[in-house]
Amino acid sequence: MAGARVTLWAICVLRGALATVYFQEEFLDGERWRNRWVQSTNDSQFGHFRLSSGKFYGHIEKDKGLQTTQNGRFYAISARFKPFSNKGKTLVIQYTVKHEQKMDCGGGYIKVFPADVDQKNLNGKSHYYIMFGPDICGFDIKKVHIILHFKNQYHANKKPIRCKVDAFTHLYTLILRPDLSYDVKIDGQSIESGSIEYDWNLTSLKKEKSAESKDWDQVKDDKAQDWEKHFLDASASKPSDWNAELDGDWQAAMLQKPPYQNGLKPEGIDKDIWLHQKMKSTNYLMQYDLSEFENIGAIGLELWQVRSGTIFDNFLITDDEGYAEHFGKATWGETKGPEREMDAIQAKEEVKKAREEDEEELLAGKFNGHENFFNRFHRQDEL
């Protein structure tokens, strides 16, 4: 088993040499995490985080992460890194989340921010690029959010993606590719994939397309008279005695009436040409690529929880899907089994303890019953 761990980490090191790792956080240096993460002071009522591996874990040190500590609070904390653009590159966002309190209502998602985010004043109105992760509330909401920012609007994935609702640690991965494809993984398994073009609510893009159509109609109305009045005579040919040096370039005569009758108009040709020049692509989304962000520079938690206790760990932002996969196996993959084993042991101990307490109460009840009977008999004897 030890050899397998060494092999996984060796693969991670090798992949890391090939990949670009923009951010990676495992909280392995104790309380020094406070030098990297900034707690927002925007609201004095914001909840606080602590470093903890929880009540049960696979490894007491490796499983330590940021844990929410206060019930019924908003939370806001973030970490900054060197800004980058993912233009033309794959973007992979990954982390683990553990709702050991068995979440009833609250967020377990993360947000990726532009580099100029005000960390000290981070709050629900702070501009972000990407929001990703589980959100649970009651019986109705048990979903994975994927929200992307584009043209001053937030666009949510329209496919329902169910999140995990148990108390164990789970690995969440979001992959955005330059070809506008995406993949969502939970615990290393793909649970949803497709096209950003078709799977997001692209309200602004629809408006953009509608506006372009409106512009075309306006141009059509403005120039309709000119287009109807002036047409080249296609049947005309250059005279045999035409001298270009003396007479200039030859041009066919202009007809004053359009070459159609009975209201038939050759619509569509000029419109298609105009739209092609306007959009410069048969796929208008490629011009406004939803998977590209120019100034990524921070990651954070900005959420609400009714019951606290969630642990966030193993944050990763990279351009390499393979590295993310191996990193997940070397972290979450190594501790998921022991975590469940420890939980099972604790559950058995709790059942045993509860049984013993019930037996003690039962024995105490029997003893009290005998004592009461003796007291009643003794009082009758005295009478």
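Glycine too: its Cβ is placed from the backbone N, Cα and C atoms.
Bear in mind that the values here come from a model prediction, so they are computed numbers and not experimental data.
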Recorded disulfide partner - Cys137, candidates Cys12, Cys105, source TrEMBL: Cys105
Inter-residue C-alpha distance, Cys137 (disulfide bond) and Tyr109 (alpha-D-glucoside binding site) (nearest angstrom): 13
Distance [Cα-Cα, Å, rounded] between Tyr128 (alpha-D-glucoside binding site) and Cys105 (disulfide bond): 23
Glu302 (alpha-D-glucoside binding site) and Cys105 (disulfide bond), Cα-Cα, nearest whole angstrom: 15
For alpha-D-glucoside: widest Cα to Cα gap among Tyr109, Lys111, Tyr128, Asp135, Glu302 in Å: 17
